[in-house]
Structures are given as C-alpha cells and as structure tokens.
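Student: Submitted below is the structure of interest, expressed as structure tokens.
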C-alpha cells in the first residue's frame with residue numbers, strides 16, 4: 001500500500017471533523033459527545049479486545065520500551081536545557097517546554113496511523129508504550145514545575161491517568177490474557193461492533209478540536225518545540241531501536257508514535273499550571289500540521 005493510500009483516509013476524516021466544527025455543523029457539545037463515546041467506550045473496547053487476544057511473548061519486549069522512552073526522556077531534558085539557554089528562566093518556569101518537546105498524540109494520531117499502515121494485528125507493539133506515556137511525562141512536568149509536593153496536583157494527575165479508560169482497558173485485557181479468559185462469542189461480537197468506529201471517531205474529534213486552537217504570539221517557541229518533537233524525537237527513537245536490535249514493524253510502530261504531533265492534553269496541563277498556555281496551544285496546531293509531512297516521510301522509510 002502506498003503512503004498516500006495510508007494517510008489520505010486519516011487526513012480526510014480529520015479534515016471532515018475540522019470543517020464540521022468550523023462551519024458549526026456540529027456544536028462543541030455534539031463533538032464532546034462523540035469524544036466521550038470514543039474515549040470511554042469505543043477505543044477501550046478496541047484495546048481490551050486486542051489485548052485479550054495478543055501473544056504476550058511477542059508483546060512484552062523491553063527493548064521496544066527502552067527505544068521509545070529513552071529518547072522521550074532525553075528530548076524532555078534537551079527541551080528544558082535549550083529553552084533555559086534561550087530565555088534564562090528558572091527550570092520550574094519551563095516545565096511545559098519539556099513536555100512540549102516530548103509528548104506525543106499517541107492515541108488520536110499514532111494509533112490510527114499504525115492500524116492504517118500495518119493492520120490491527122500490529123497493535124501489540126503499542127500496548128507496552130501507551131499506558132505509561134501520560135503518567136510518566138505529566139508526572140515529570142509537575143515535578144519540574146515544583147507543584148507535585150506543593151499541592152495535590154501531582155497525585156491528582158497520577159490518579160486520573162491510572163483511572164484513564166485507555167489504561168484500564170489495556171490493564172484488564174492483560175489480566176484477562178494472563179488468566180486465559182475466554183469471552184462468550186456474543187459478548188466478543190458486541191465488543192467488536194463497539195470497536196469498529198473507534199479510529200474514525202478519534203480522528204473526527206481531533207480535527208474538530210483543532211478548530212478551537214489558534215496560533216498566537218508564542219508561535220516562535222511553538223515552532224521550535226514542534227521541530228524538536230517531530231524531527232529529533234523520532235530520529236532518536238529510530239537510532240536507538242536500531243542499536244538495540246528492534247527492527248521491522250516493532251521499530252516502525254515506536255518511530256511513528258514518536259513522529260505524532262504534540263498531544264492536546266499538554267494544553268490542559270498548561271492551563272492547570274498556568275504556564276505557557278499560548279505557546280503550547282500554538283505548538284498543538286503547528287505540530288499537527290507539520291506531522292502530515294513527518295508521518296509520510298517515516299512511512300516511506302519504514303514501510
């Protein structure tokens with residue numbers, strides 16, 4: 001399958017969501033309803049069902065974990081250091097810069113790209129990476145900002161992440177897999193029906209939400225963050241994966257997740273910390289637009 005054939009359906013659905021929101025065919029409340037269905041029902045059904053059936057021996061490869069999270073942590077630190085040198089601000093005031101240079105939209109962009117490129121069977125490589133992503137980076141962001149002990153924010157974020165439907169569905173699927181759970185066929189069929197619209201709903205919601213983000217005065221910092229996020233991070237993941245002997249689809253999945261744009265939840269953290277909201281909102285828009293090219297590039301290299 002050509003790169004265009006992989007990417008076009010994803011862009012089409014996301015664009016449909018964007019214009020549906022822009023021209024007010026769907027209100028914010030209606031988009032929120034689709035989002036609730038996608039994140040609390042459809043995507044968890046997809047992940048639970050897939051995790052229940054996957055071969056754990058093929059899934060639990062520590063080298064994939066290291067090849068993804070090693071560069072993620074490195075880019076977090078490099079982003080902090082770079083903006084410290086450029087702005088001379090205290091590190092505590094630059095926590096969002098670390099997050100902006102390392103946090104990927106693994107669920108709304110990475111997962112659909114992986115499924116479109118390699119099929120649902122290759123979701124197994126995603127399971128080791130997605131559950132820890134937000135917990136690690138959000139916790140680190142609060143720690144750098146000095147908020148983890150000064151308030152209950154850090155504990156609150158951790159609790160939210162652990163109770164996240166995505167984390168719960170993967171965890172329950174893993175538990176069921178370990179104990180050899182076999183669901184009745186009618187229930188399996190119901191889960192499969194619920195899972196089918198997951199990717200389309202996620203992409204539609206992504207496009208609709210992008211309509212509400214705008215490029216503001218912090219566009220220069222946002223552009224720099226986007227370049228770090230989209231150029232440096234996936235390149236480092238590719239290099240480390242190759243050094244650790246991770247090849248083929250497993251390496252491709254890790255790189256494509258890293259090549260995804262800045263996750264929109266980074267903006268929610270910026271609002272909570274009252275720090276660099278304009279820069280992060282701009283980075284979400286810029287990186288989402290630029291990721292079309294970076295994802296297509298990596299697909300051409302890896303497929």
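Here the Cβ of each residue, glycine as well, is placed from N, Cα and C on the backbone.
Per TrEMBL, transmembrane segment is recorded for 6-25, 37-57, 63-83, 95-119, 125-145, 157-181, 193-210, 222-246, 252-273, 280-301.
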Student: Test of understanding: applying the rule of at least three C-beta pairs under 8 Å (pairs 6 or more apart in sequence), is the transmembrane segment (125-145) touching the transmembrane segment (6-25)?
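Tutor: Checked: the transmembrane segment (6-25) vs the transmembrane segment (125-145), no contact.
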Student: Is the transmembrane segment (125-145) packed against any residues at least 6 beyond its ends, judged by a Cβ distance under 8 Å, and which are they?
Tutor: 47, 50-51, 54, 59-61, 64-65, 68-69, 72-73, 76, 80, 91-92, 94-96, 98-99, 102-104, 106-107, 110-111, 114, 153-154, 157-158, 161-162, 164, 166-167, 170-171, 174, 249-250, 253-254, 257, 263, 265, 269, 273, 275
Student: Cβ pairs under 8 Å with the transmembrane segment (63-83): which stretch of 37-57, 95-119, 252-273, 280-301 has the most?
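Tutor: The stretch I would name here is 95-119.
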Student: Would you kindly check 95-119, 193-210, 222-246, 280-301 and say which stretch has the most C-beta pairs under 8 angstroms to the transmembrane segment (252-273)?
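Tutor: Per the Cβ count, the answer is 95-119.
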Student: Residues of the same chain, at least six outside the transmembrane segment (95-119), with any C-beta under 8 angstroms of its C-beta?
Tutor: 1, 6-7, 9-10, 43, 72-73, 75-80, 82-83, 125-126, 129-130, 133-134, 137-138, 140-142, 144-145, 166, 199, 202-203, 205-206, 221-222, 225, 228-229, 232-233, 249, 252-253, 256-266, 269-270, 273, 275-276, 279-280, 283, 288, 291, 295, 299, 303
Student: Report, as numbers and ranges, which residues of the same chain sit near the transmembrane segment (280-301): CB under 8 Å and 6 or more residues beyond its ends.
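Tutor: Distant contacts of the transmembrane segment (280-301): 3, 6-7, 11, 96, 99-100, 105, 109, 113, 117, 206, 210, 213-216, 218-219, 221-223, 225-226, 229-231, 234, 238, 252, 255-256, 259-264, 266-267, 269-270.
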